[in-house]
Amino acid sequence: MASADVRDELLCSICLNIFTDPVTLRCGHNFCRVCIDQFLNTQEGSGGYSCPQCRAKFYERPELMRNINLHNVAEHFLFTHQEEVTGICCTYCIHSPVPAVKSCLHCEASLCDDHLRVHSKGPEHVLTDPSTSLENRKCPVHKKILEYYCTEDAACICVSCSLDGEHQGHQVEMLGEALEKKKKKLRNVLQKLITKREKTEGRLQSLEERRRKGQEKASGEAERVTALFIDIRRRLDDLEKRVLREISRQEKEKSLSLSALIQKLEIQKDELSRKIKDIEELCNMTDPLTVLQEPDTGDLCDPEEGGGDEPIRRYDNRQYGGDQYAGQTLCDIIRGINIIFYVQDPTDILLDVNTASNNILISDDLKVASFTLINQIRPDTAERFQYYPQVMSSRGFTSGRHYWDVEIRRSILWRVGMCYPSIDRRGRQSYIGDNNKSWGLCGGQRYNNQYLVRHDSKEIQLPHRISCDKFRISLDYEAGKLTFYELCDPIRHLHTFTTTFTEPLHAVLWVWGGSIKISNNVSSAGSQSVRRPLPPLRLPTPSPPGSLIVSD
């Protein structure tokens, strides 16, 4: 009711609507600007003006003062009034729309809080939530409230329909009972739908996770490929510069040698010209005594001498070695950056504690082997290394291509490689590389920071000096290749053993001081990528001087 009172105060007494651009006369009454202007226009020429509400007299046309406060109140009331009337309004509030809270099916009317308090409480006055379709709540035939549900015809009916109407004799239920049964069925359907949605969401999340991992994997592989070819281009640029420098150096060396030879031959030419002139003069003389008294000229020139041509032939046979140099360097580049490049995950390598020497500590994750002077007092079993601080991996390989990385940490001496499970475990023959059952890369301070590779007690000292502490071990079982790389920038190929493997191969580590960590990262333990590795580039075959053939 308060809303109706406010509305009355905001009505223009001329148009009886809410104020629009309200203005005030000197008497204090308010009107719409358009309304009061039209009213005052009708009073022109009558000798005066008056207020249409209080009849106050004005001798001159009154000045209209805009009422800003009233204007704001009227606008706010109109705004809230429009929001209220968007819902269902009380049927009995005729002065201003008031939202309804209930609807009476019997009266076919909607009620606000005030009218609901005084509404009849009789049983025939059934109340529902506010609705504009109250006629749908009554039987169209008997005009009575729908109270029953016919299960045979699936229709809502009134009491007259069930007693003497077309639904007479049918199985009927109260609307409340039918509602509960319908809700029970709906709940069962709802539960099934929720379960199905949860399964769908689970599959969706799984697919999204697979897509995310696939995108991450592809991004990582793209970065690796990009880095690889950047490195290839850089190395080829360096190779081009080195080959051009070598060609320039050889050209200068040859030019200097030829200049010396040319100078020598120029001297010989001048000497020969002088001798020719002397002999020609003798030949032109007619005095026999003069000619015969000259020294014998037979030693001036031996027509069989050919020594002067030998230096020329020797220099002509020399060729620039830039192409051969380029071929050898390109071969090294391909070895160093291509053979190990696989688009696959590294193989998961776990250390076997049962093979670990008593001077080796194994980390909980079976990834780190550390040297210790404290005897670990492990069981004396046949598979345990007894003489050297070594340990093998639990997993062996009988086929396929695999690789893993190791990191050396503050070790004085170390060896990494692979061995057969039949390797000796007790004597000196158990040392990695000192038997025909193991292959190893050796390094450390005592090796003057240089690399050695050993197999069957045969040692090869590599020309490379140790420049980092991370290494990659790559196995191609069928090809019989075991390769070691230094993971510096760029990756450097160290050595490749080539043989025919006859037993399973296990990773094997030996460390004296410090530790060795298997630092590979795999997506799931014990699993290998199903992706096939990129095939390695084939190395160029040795070519004769003057030609360079790189197989594709």
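The backbone N, Cα and C atoms fix where each Cβ goes, and this holds for glycine too.
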Among the residue ranges 203-227, 303-327, 528-552, I'd like the one that TrEMBL describes as region 'Disordered'.
528-552
Cβ under 8 Å to the domain 'B box-type' (134-175), counting only same-chain residues 6 or more beyond its ends: which ones?
103, 105-106, 108-109, 124, 126, 128, 181
Tell me, roughly as an integer, the mean pLDDT over the coiled coil (172-282).
90
